[in-house]
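Below: the structure, in structure tokens.
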Amino acid sequence: MVIANSVKSSTTNYVVADISLSDFGRKEIKIAETEMPGLMALRDKYQSEKPLKGAKIAGSLHMTIQTAVLIETLVDLGAEVKWASCNIFSTQDHAAAAIADQGISVYAKKGETLDEYWQYTHCILDWGADSPNMILDDGGDATGLLILGSKAEKDLSVLDNPGNEEEIALFNSIKYKLETDSDFYSRIKSNIIGVTEETTTGVARLYQLQKQNALPFPAINVNDSVTKSKFDNLYGCRESLVDSIKRATDVMIAGKVALVMGFGDVGKGSAQSLRGLGAIVKVAEVDPICALQAAMEGFSVVTLDDVVEDIDIFVTATGNYQVITNKNLVKMKDEAIVCNIGHFDNEIDVASLKDYPWENIKPQVDHITLPSGNKIILLAEGRLVNLGCATGHPSFVMSNSFTNQVLAQIELFNKSEKYAKEVYVLPKHLDEMVARLHLDKIGAKLTKLTEEQADYINVSVEGPYKPELYRY
């Protein structure tokens, strides 16, 4: 298994689509830095201290312009980094080129094959005679690869029955690695201090491992920091969903009937996004609390089966499996748009469409003819639409998320003795600090409590202002 299109030197290995795009990438990174005050403040605060000196971070997260600012912040704070994207379509090639041009190992290009994806994930874990000691994950693929690979070292039969194309590529990549390095996964796993996880789906995987007493190292759940989930997931999706649909299709959203499946933070932002452009938005939910929230926001709460033939735009935002199945797909109206804004590609049963005629319109936009003769427009092959068909969330909201990531890496790397093999969240005072770092940029001024007021509600003048279980 050879890495194609790579350049190897004494300082770096990288795989990018076109290294000549680095100047373009650098220009956009400079603009993004002006919109990412949290990360820039951490550079100023910690640059001389270098709290990540000695950290060797294997990063698996969308290789975008905003992620480039995160990577360079980690490096400024002393870390060594190897990076891959956590999605085959989400890389911005000029961002990857700009990072590679700085001598940082990056393995990412837009439109990777599944085989390439798992090759590149192996690359961030393979440091030759050395080893990474931290993981920064988005969706849990880097963590999951180490765990599954360690199991395969002991019993190769765990790789015998792949369930889909993704697992075929994953299992083959592990078999290939074990042919030349029989204890690679367990060796690397034993050197990992901990992982910081970015997204809802990856966090769910971590909690499942914790429940099974199978978590191999401590983990910090960055996703459930308030300044991540209530900003990135909500406000980020509110802007990036319609951006991606319009870039992909040029469709008029006003007047269209849209169905958002899932009304968590991502679903809430998605529903607001579509309604903001004049769509008639309906919501499908399994959780009665979220369903009631949707109804109170003025959305019709329906089931997919009841409305499937009437919907113009389908958006899945559940983090679940086979939310839209073949029996739903074949009933869709002509030119219905189908997309997913959850992390993985299995919310929509795309595999069941493979036997139907496909016409590629442009990258990540496919026309599929159903048995009825109707055609549907599938975006990003059912993968993350906002990164497959657009450039993801705006820089400012990603500054919130990535500031949390940097703080989590600093915390776990420097205070590993405090943490058992469990899943943790960042403390409230750090959440509030992240928010403070972003207020000046938008001209927001905080009111300050008096000592008497603080005493009256039993908090410190400087915070934290809410109990840990407060629901924002």
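Glycine too: its Cβ is placed from the backbone N, Cα and C atoms.
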Original post:
Which one of E33, E197, E198 goes with T64, D138, K228, D232 at the substrate site, as Swiss-Prot has it?
Top reply: E198
Original post:
What's the CA to CA span in angstrom from E285 (NAD(+) binding site) over to D232 (substrate binding site)?
Top reply: 21
**OP:** Using Cβ-Cβ distances, find the residues under 8 Å from T199 (NAD(+) binding site) that belong to the same chain and are at least 6 apart in sequence, listing them in sequence order.
**Re:** D138, G139, N223, H343
Subject >> Per DSSP, three-state class assigned to E285 (NAD(+) binding site) >> reply: coil
**OP:** Find the shortest Cα-Cα separation between G262 (NAD(+) binding site) and the binding-site residues T64, E198, K228, D232, and name the residue that gives it.
**Re:** D232
**OP:** Compare all C-alpha positions of T64, D138, E198, K228, D232, the record's substrate binders, and send over the largest distance in angstrom.
**Re:** 17
Subject >> Cβ neighbour count (within 10 Å, all chains shown) around V266 (NAD(+) binding site) >> reply: 29
**OP:** Quick one: pull the CA-CA distance for G264 (NAD(+) binding site) versus D232 (substrate binding site), whole Å only.
**Re:** 12
